[in-house]
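Novice: Okay, so Swiss-Prot annotates it like this:
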type	residues	note
BINDING	170-225	ATP binding site
BINDING	D298, E312	Mg(2+) 1 binding site
BINDING	E312, N314	Mg(2+) 2 binding site
DOMAIN	134-345	domain 'ATP-grasp'
Amino acid sequence: MTKKTQVGLIFGGNSSEYEVSITSAGNIYKAIDKDKFDVHPIWITNSGYVASEADSYKVLEEPGYMVEKNDKTANLSNLIELASRPELDVLFPIVHGNLGEDGVLQGLFRLIDKPFVGVDVLAAAVTMDKEFTKILAQRAGVPVAKWVSIKRYEYEDAKNQKLSYDWVSGQLGTSNLFVKPSNQGSSVGITHVTDDSNYAEALAEAFKYDDKVLVEEGIVGTEVETAVLGNDHPVVSGVGQIINADNTWYSYENKYSTESTTTLQIPAQIPAETAEKVQENALKIYQITECSGMARVDSMLRESDGEVIFNELNALPGFTNISMYPKLFEEAGISYPDLITRLIRLAEERYAHKKTLLRKHD
């Protein structure tokens, strides 16, 4: 009988995307092929404590469950103890947001010498920062929305021209703007701004989450997403379409609320040549950012000329019931359990390859 792979499923975290992580982890736990894998849930509470395995199972069953008492050793440093758990063959982090998909956890996994699902340290750090991702996309020849970057020291300078809506909208050539933290996901901290009335408030909201804020031109058109899977030879899924109600956008509420007015269309109702361009751009960005394992790439089809404009890359896409990433591969014939299996095998393949690299000069 083939020995099962022991998987450490890490989820939760002290992050604005905590609830998304819990939901994603629950879905992965339900869908994973239990004939091939034994799952060991590892819950990081929203207070930053690492819960026991018993409590970790409990929160997957009851997402609102809270640990009644944290013992004195229950803190984030417990993750280093993963190194002394030889029964764990591979780690599957589904910790969204800061500390989870920005290279921090990935660096820890490298230190403790464990294979892990998803992008490696460099790609995690780069793709968490929307500005750096846009710069690399431009380098790859992919069009991006125009933007102005504001650092905290600039924000704290009352005389800085970037604090003026009129100046920024003039630079970007439009009154239709999105103000967003550069390092954040799930549309957290993003505000749609169309005049001076809420620009200052939008900046204040975004700076709650990051020390760098982007003000981007709003692209009028169709929002589409595609999924990428693989290491050196990735495959790109078909294209899905985000259909928002009139005068709305794909906000956090529209992504995750039960009252969402947004629907997903798979496949997207767009011309074949446009879909091919979306896929081509997604692959270019995936490769130039040195992603591996998985990513979801979001784009806009500009209404005025049909140009495919890169929006952002999510290196740890959601696995909720309404998440586009697993749905796109399901449409391509890869079931949810098979997708999870492939992600784990990709992690093992990357780890095995890195073991062949020399660490010192002979």
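Heads up, the Cβ atoms here are built off N, Cα and C, so glycines get one too.
Model, not experiment: these values are computed from the prediction.
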Novice: At the Cα level, what's the spacing in Å between Q184 (ATP binding site) and E312 (Mg(2+) 1 binding site), rounded?
Specialist: 11
Novice: Cα-Cα separation of G170 (ATP binding site) and E312 (Mg(2+) 1 binding site), in Å?
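Specialist: That separation, Cα to Cα, works out to 23 Å.
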Novice: Among the binding-site residues listed here (D298, E312, N314), which has the Cα closest to the Cα of K212 (ATP binding site)?
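Specialist: In terms of Cα distance, K212 (ATP binding site) lies closest to E312.
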Novice: D298 (Mg(2+) 1 binding site): which of the binding-site residues L177, T191, N198, E205, I219, N314 have a C-alpha within 10 angstroms of it?
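Specialist: The binding-site residues passing the 10 Å Cα test are N314.
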Novice: For E205 (ATP binding site) and E312 (Mg(2+) 1 binding site), what Cα-Cα distance in Å is obtained after rounding to a whole number?
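Specialist: So the Cα of E312 (Mg(2+) 1 binding site) lies 20 Å away from that of E205 (ATP binding site).
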Novice: What's the CA-CA gap between L177 (ATP binding site) and N314 (Mg(2+) 2 binding site) in angstrom, rounded?
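Specialist: Rounded to the nearest whole number, the Cα-Cα distance is 21 Å.
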Novice: Measuring Cα to Cα, how far is E312 (Mg(2+) 1 binding site) from I219 (ATP binding site) in Å?
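Specialist: Taking the Cα atoms only, E312 (Mg(2+) 1 binding site) lies 13 Å from I219 (ATP binding site).
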Novice: For N198 (ATP binding site) and N314 (Mg(2+) 2 binding site), determine the Cα separation and express it in whole Å.
Specialist: 28
Novice: Identify, in sequence order, the residues in the chain of N314 (Mg(2+) 2 binding site) that are 6 or more apart from it along the sequence and have a CB within less than 8 Å of its CB; answer 'none' if there are none.
Specialist: T127, G185, A295, R296, V297, D298
